[in-house]
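K.L.:
When I checked TrEMBL for this same protein, it listed these features:
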- 90-108: transmembrane segment (TRANSMEM)
- 140-156: transmembrane segment (TRANSMEM)
- 165-189: transmembrane segment (TRANSMEM)
- 293-313: transmembrane segment (TRANSMEM)
- 325-344: transmembrane segment (TRANSMEM)
- 350-367: transmembrane segment (TRANSMEM)
- 379-398: transmembrane segment (TRANSMEM)
- 421-454: repeat 'TPR' (REPEAT)
- 455-488: repeat 'TPR' (REPEAT)
- 489-522: repeat 'TPR' (REPEAT)
- 523-556: repeat 'TPR' (REPEAT)
- 557-590: repeat 'TPR' (REPEAT)
Amino acid sequence: MRVERWCCLLLALVTLAVYSPVIRNDFINYDDPDYVTLNYNVQGGLNATSIAWAFTTGHSTNWHPLTWLSHMLDCQFYGLNPIGHHLTNLLLHLCNTILLFLVMRLFTGELWPSALVAALFAWHPLHVESVAWVSERKDVLSTFFWLLTLLAYWWYARFPTIKRYLVVLACFLLGLLSKPMVVTLPFVLMLMDYWPLNRIAEFPPNLKLAGTRPITPVSWKQLVTEKTPLLLLSTASSVVTFLVQRAGGAVAPLENVTLTARVENALVSYLRYLGKMFFPHNLAVPYPMPEEWPAPLVIFAILALSFLTFLALKWLRRAPYFFMGYFFFLGTLVPVIGLIQVGRQSMADRYSYIPLIGIFIIIAWGIRELMERWPKYRLLAVGSICLLVGSCLPLTYLQARFWKSSIALFSHTLEASPDAQEARLLLGKAFCTAGQPEKAMEQFSQILRSNPNSADALFAIGVLRTAEHKLDEAVDYLTQAVRLSPEMPNFHSQLGEVLLARGNLGEAMAQFDQTLQLAPRDAIAHRQKGCTLARLGKLENAMAEFGEASQLAPQDAECFYDLALALALQKNHGAAIAQYRTAIRLKPDYAVALNDLAWLLATAPESELRNGNEAVPLAERARKLCGEKEPQYLGTLDAAYAEAGRFKEAITLAEKVRHMALASGSKDLVEAADKRLDAYRQGKPYHQP
């Protein structure tokens, strides 16, 4: 055990060193907003409401409640500091590395081949995406439970009991609740029953090359029977996942991607994964899906895979590790190989996180067998191992650095794959966020030059023009985007928001109605519709929309703020105060909510609602958040001072507000300040009529 401990320590230290850049990385604009940075249900941390949401939502076209809970836990401890979120991913990857080493050591009894498999798993550049990308928490978390399931299965296989089998079942269920890609685990266990466990009584493999741990063989029928509950869980998870992804529009219909195109892409992708494993060059996020693959490449993929399959079957007894590793690789990729096309990528590095373990097993045990057959080449084999592992370390370190920011990541992707239009779109959005609209427009324009009917690029330009307050141009671009992709609810929502800002209330309402027809549970659309109704003077209807929004997004402070605003307009000040408090609880630095709550506590007509001593710190926090540039916030603070009996401070501040209003030419603010000053000079606080 002492040697194993040193192996674990070495694996851990090198892994931490190689992946050290990820700790300094930021969130990226690809999925991270959906999963964390703009997901209010996650940002609220763990509570009864968020836990219920995690188990009932199909948000981001996935059902993985345990992954949501892990993100919530991160937000509870770290907030939106990316260091903590990246650290969790790295620690899970570290645990997976140690677990994989222990699994291979226990299953096979071999030390250095097990360590080599774990090292390649830990340090291969293809696995950077799963570790460095916060949204891929589901990869590292599901693999953690996947490996625990293997450990539990080894424990069960040695002395089969119901209790031990239930542990296997529980670990597998946790894996499925983290990411449904692990549905293939029952088939992996069947492969491992053959090698290295030697559990198939009717067909024992070559004992010289199989595992050395003594486990009692059982009949083929019994092996299949014991996998049945696992297969039932896999089936249920697959059905739920398919329904959720189809409902979310993530599953491409056959008219968009034909069955022939899917099969061709699957064949070529198998070969590309193998190629990038041996030559991890030009790694990209995401890899674009071509219109079609060249026929010679498809034929070559068929021939290569046929040859490898022939070898695996031929060497079934002679080299069972090759049979097991090869079909492990093929089988675990099936859920994500593209036969059911989800998303627009042709392949993804993250999908190789588990499948490449099969190839690593072939490499490790292949080298072991060569060393046994030709001992005189042992030194050469050791050198090959050092070269193989050593070449991974700098490549992985450099790849982890590319994930520093969205701009760095997608700039690198475009260098590796200039035709990756989705990466170009994401790079443009990153430039928008960074306050570089010219560079953003350059990327979007380049997309339109390649594809003038790119709805995504037109939509992105519309959003950019909205941010620049060029509303007429924004409407033109967004209208084109909606025409090209009328099925996209966010396109309608954004167009409606711009129309609302222009004062085209009827047209805005039509867009929000269309959004809600496509996505009835879109809380933002309910809020937008509520704002439109409020501006039309239909406060009762507006409140219904705001209430629906707060039900759908109970962690979104803005939903409760909008509801509070509508209640205040209806003079229902008590209920408004309660909703403002909820908004501030969810978002403590919500300046406008702090200001509005302080205003009501200082000036409400109902004496029982007023509380100057509470209003003052709220107004001071709002002032601190916004500085001295907002006369409305300073006006709230002077009213709070007056309600608290601090008239000297109230007068001084109100006079300052009046001067600011005069300088800006705001007649309404001047008149409001004069009314408050009249009251303060008489020793009275200002109250709303």
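Backbone N, Cα and C define each Cβ position, glycine as well.
Keep in mind that TrEMBL annotations are predicted by a computer and have not been checked by a curator.
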K.L.:
Looking only at the repeat 'TPR' (523-556), report the model's average pLDDT.
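P.N.:
The predicted confidence over the repeat 'TPR' (523-556), as a mean pLDDT, is 91.
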K.L.:
May I have the DSSP-based helix, strand and coil counts for the residues of the repeat 'TPR' (557-590)?
P.N.:
27 helix, 0 strand, 7 coil
K.L.:
Just to be sure I understand, if DSSP states are collapsed into helix, strand and coil, how many residues of the repeat 'TPR' (455-488) fall in each?
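P.N.:
Within the repeat 'TPR' (455-488) the tally stands at 27 helix, 0 strand, 7 coil.
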K.L.:
Looking only at the repeat 'TPR' (523-556), what are its DSSP counts of helix, strand and coil residues?
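P.N.:
Secondary-structure breakdown of the repeat 'TPR' (523-556): 27 helix, 0 strand, 7 coil.
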K.L.:
Top stretch among 140-156, 293-313, 379-398 for CB pairs under 8 A with the transmembrane segment (90-108)?
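P.N.:
Between the stretches 140-156, 293-313, 379-398, 140-156 has the largest tally.
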